[in-house]
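Notes follow the structure.
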Amino acid sequence: MREIVHIQIGQCGNQIGAKFWEVIGEEHGIDCAGSYCGTSALQLERISVYYNEAYGKKYVPRAVLVDLEPGTMDSIRSSRLGVLFQPDSFVHGNSGAGNNWAKGHYTEGAELIENVMDVVRRESESCDCLQGFQIVHSLGGGTGSGMGTLLMNKIREEYPDRILNSFSVMPSPKVSDTVVEPYNAVLSIHQLIENTDACFCIDNEALYDICFRTLRLTTPTYGDLNHLVSLTMSGITTSLRFPGQLNADLRKLAVNMVPFPRLHFFMPGFAPLTAQGSQQYRALSVAELTQQMFDARNIMAACDPRRGRYLTVACIFRGKMSTKEVDQQLLSIQTRNSNCFVEWIPNNVKVAVCDIPPRGLNMAATFLGNNTAIQELFTRVSEHFSAMFRRRAFVHWYTSEGMDISEFGEAESDIHDLVSEYQQFQDVRAGLEDSEEDVEEAEVEAEDKDH
């Protein structure tokens, strides 16, 4: 089977990761002790992608849990999910990274990294045919961002031919823990551009807006935000976990979604959006699901897809529905909004349908868009970065950990390059006299950046 090793790192990564295991455990009929209590053979057909079958028909997650302080680990261990994980899958330090990327990447994180790699190797060796890794982390703190990107470098060195995906939570001033978030985020994105094959950008600002506007929650908690993330992660991984034809493994997903190597940052979306613990009272039609899924208000990244153009799109529909109707709805959306999709990539909207709906819903849809408007997210964080770096504010916290100040400049210019690449492909129009030359020029420039 094609196995995936899941790594969650830092406080945010561990909280979201724990929620992910809770949700997919429910979907596959795996209880908190790791025993199967499901009802459908489909639940077990591809169970080995995320679970290892241990002695006595116990299913153990292929997970590595990492943090530089013990707090989050202890709360997972003492939760009802605690006995699900293998005890030596927990790797933690005691000092914390103090929201400092350099501590996570160069000092505290570097001391712990070999222990983490030992667990990663052990998990990889227990696989028949490892397809790749997925890392869950945030970019605003110190551990998830600094140590998370260090771990990606190490995995890239040791497993250069395996796919590496990340679920990365972008920081936002609306849900902010710390003043140096822009530094941590830009330094991390610089690494994500080079080392990941696909990055699912989950944005606290967008999650906050969804809770506020769509779900009408007056004071959203991290629990509410994590609930939305777990719905999306469950949807994105559906075609990896259940039998299906499209995007059935990480490499196929990357091939369908990434037209140019550096442009691998996706905006996820989900429909229907429901608040934690509440049920949907009215069954949605396929047309309403499709409409909601493409709605900017359902997108989990704080940028407006209407201001950009879609290079590629993947849609995962779940529940009992007509595939023909799904195809018709997507075709009509593409026809009505043809200027939102680049015309020089034909057939750039891919659809998968899975019979098994998420728990508590009859039908649901998950959306993955590679849209040039994602540059807004990078522009926002890079402006905050530049405002502080111009005055060298807080830089001593980073240089005192042995980090070179030139890294700040490199990371900043890399993000600027990324933004201009997205802009370039947004501006290319097919059908004009020089359009093919435009595309070729843009491709050549993008390739130059890769080398």
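Heads up, the Cβ atoms here are built off N, Cα and C, so glycines get one too.
For the GTP site, Swiss-Prot lists Q11, S138, G142, T143, G144, N204, N226; matching the candidates E53, E69, E288, E325 against that entry yields E69. Checking the candidates S75, S95, S176, S435 against Swiss-Prot, the annotation phosphoserine falls on S435. Looking at 1-4, 101-104, 177-180, 189-192, the stretch flagged in Swiss-Prot as motif 'MREI motif' turns out to be 1-4. S172 (phosphoserine) is 15 Å away from G144 (GTP binding site) when you measure Cα to Cα. For the binding-site residues G142, G144, the greatest number of Cβ atoms within 10 Å around a candidate Cβ is found at G144. A simple way to gauge crowding: the CB of N204 (GTP binding site) has 26 other CB atoms within 10 angstroms, across all the protein chains here.
Neighbour count (other Cβ atoms within 10 Å of the Cβ, all protein chains): 28 for S138 (GTP binding site). Look at E69 (GTP binding site): DSSP puts it in coil. Of all residue pairs in Q11, E69, S138, G142, T143, G144, N204, N226, the annotated binders of GTP, the farthest apart have Cα atoms separated by 23 Å.
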